[in-house]
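J.: Okay, these came from Swiss-Prot:
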BINDING   Cys226, Cys229, Cys232, Cys236  [4Fe-4S] cluster 1 binding site
DOMAIN    217-247  domain '4Fe-4S ferredoxin-type 1'
DOMAIN    252-281  domain '4Fe-4S ferredoxin-type 2'
TOPO_DOM  1-29  topological domain 'Cytoplasmic'
TOPO_DOM  51-79  topological domain 'Periplasmic'
TOPO_DOM  101-139  topological domain 'Cytoplasmic'
TOPO_DOM  161-170  topological domain 'Periplasmic'
TOPO_DOM  192-287  topological domain 'Cytoplasmic'
TRANSMEM  30-50  transmembrane segment
TRANSMEM  80-100  transmembrane segment
TRANSMEM  140-160  transmembrane segment
TRANSMEM  171-191  transmembrane segment
Amino acid sequence: MANAPKFAGKESREKWGWWYANRFLFWRRLSQLSILAMFLSGPYFGVWILKGNYSGSLLLDTIPLSDPLITAESLAARHLPDALTLIGAAIIVLFYAVLGSKVFCGWVCPLNVVTDCAAWLRRKLGIRQTAKISRGLRYGILVLILLGSSVSGMLLWEWVNPVAALGRAFVFGFGATGWLLLVIFLFDLLIAEHGWCGHLCPIGAAYGVIGAKSLIRIKVIDRAKCDNCMDCYNVCPEAQVLRSPLHGKKDESLLVLSKDCISCGRCIDVCAEKVFKFSTRFDHSGE
């Protein structure tokens, strides 16, 4: 029997305890806050672990890390990035291409905390209506950004990039960034469920393409154990990725292979029947 969205995870907490039902959420928040702290430790305490912001940085003043989308924009705009930027982009692309689908979105992006809060409040308030927006729109926006940069010769996305703006806001003050975050929060809360991350964000679209063949995947252990409580669907920011592995035909894979999965592990947390686990794309046991 399907549970109400506002009670998602309750059965898991009652059966296995709070830690089991929230462990991946806890580790994700710790990861996001730790990375943010590494950026802020320099400006606030003079300890430069990550120098820069989410668009581009230096780890320990040695290892370059560059946002692949910004790098692609630069190339499209015919502004050849320096060697350090290209190396940094290559490191990021290789890391996420191997590690897991959209791991940046679920484990690094600070904006994920804002959109997750909107999704949680939406469930608690029982808001069910949502605007019908194609999930493919984000890929269209990604293409338009690159085309726009090519035509204009400018890095158009950096004018409005809320992820980079949020990182800078903790140092320079929120100002207009605070209003931008409020708009995204209210959009997700009142207009479209998972509207920003699930339908519009071109950064997530870029990481989806990068991690399309990545190693780490969510796997359904045993479809027969599913009791159709719908808790996993209610908490998943990309619920469509669960349909085939969980309720697909017998010959369909038990792995969540969609590039839209953000590898957050919330489906594992909230499932009282322990239907899901983290595995690799090469795990075909049970099929």
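Each residue, glycine too, has its Cβ placed from N, Cα and C.
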J.: Go through the chain and flag residues at least 6 beyond the ends of the transmembrane segment (30-50) whose CB is under 8 A from any CB in it; none is fine as an answer.
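T.: Distal contacts: 57-61, 65, 107-110, 112-113, 167, 170-171.
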J.: Per DSSP, how many helix, strand and coil residues does the domain '4Fe-4S ferredoxin-type 2' (252-281) have?
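T.: Once the DSSP states are binned, the domain '4Fe-4S ferredoxin-type 2' (252-281) shows 5 helix, 6 strand, 19 coil.
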J.: Quick test of the contact rule: Cβ under 8 Å, at least six residues beyond the ends. What residues does that give for the transmembrane segment (140-160)?
T.: 55, 69-70, 72-74, 76-79, 180, 200, 202, 205-206
J.: List the helix, strand and coil residue totals of the topological domain 'Cytoplasmic' (192-287) as derived from DSSP.
T.: 37 helix, 11 strand, 48 coil
J.: Are there any residues at least 6 positions away along the chain from Cys232 ([4Fe-4S] cluster 1 binding site) with a Cβ closer than 8 Å to its Cβ? List them or say none.
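T.: Set apart from Cys232 ([4Fe-4S] cluster 1 binding site) by at least 6 residues yet with Cβ under 8 Å, we have Ala239, Leu242, Leu246, Arg266, Cys267, Val270, Cys271, Val275, Phe276.
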J.: CB neighbours of Cys226 ([4Fe-4S] cluster 1 binding site) within 10 A?
T.: 17
J.: What does the DSSP secondary structure composition of the topological domain 'Periplasmic' (161-170) look like, as residue counts for helix, strand and coil?
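T.: The composition, in the requested order, is 9 helix, 0 strand, 1 coil.
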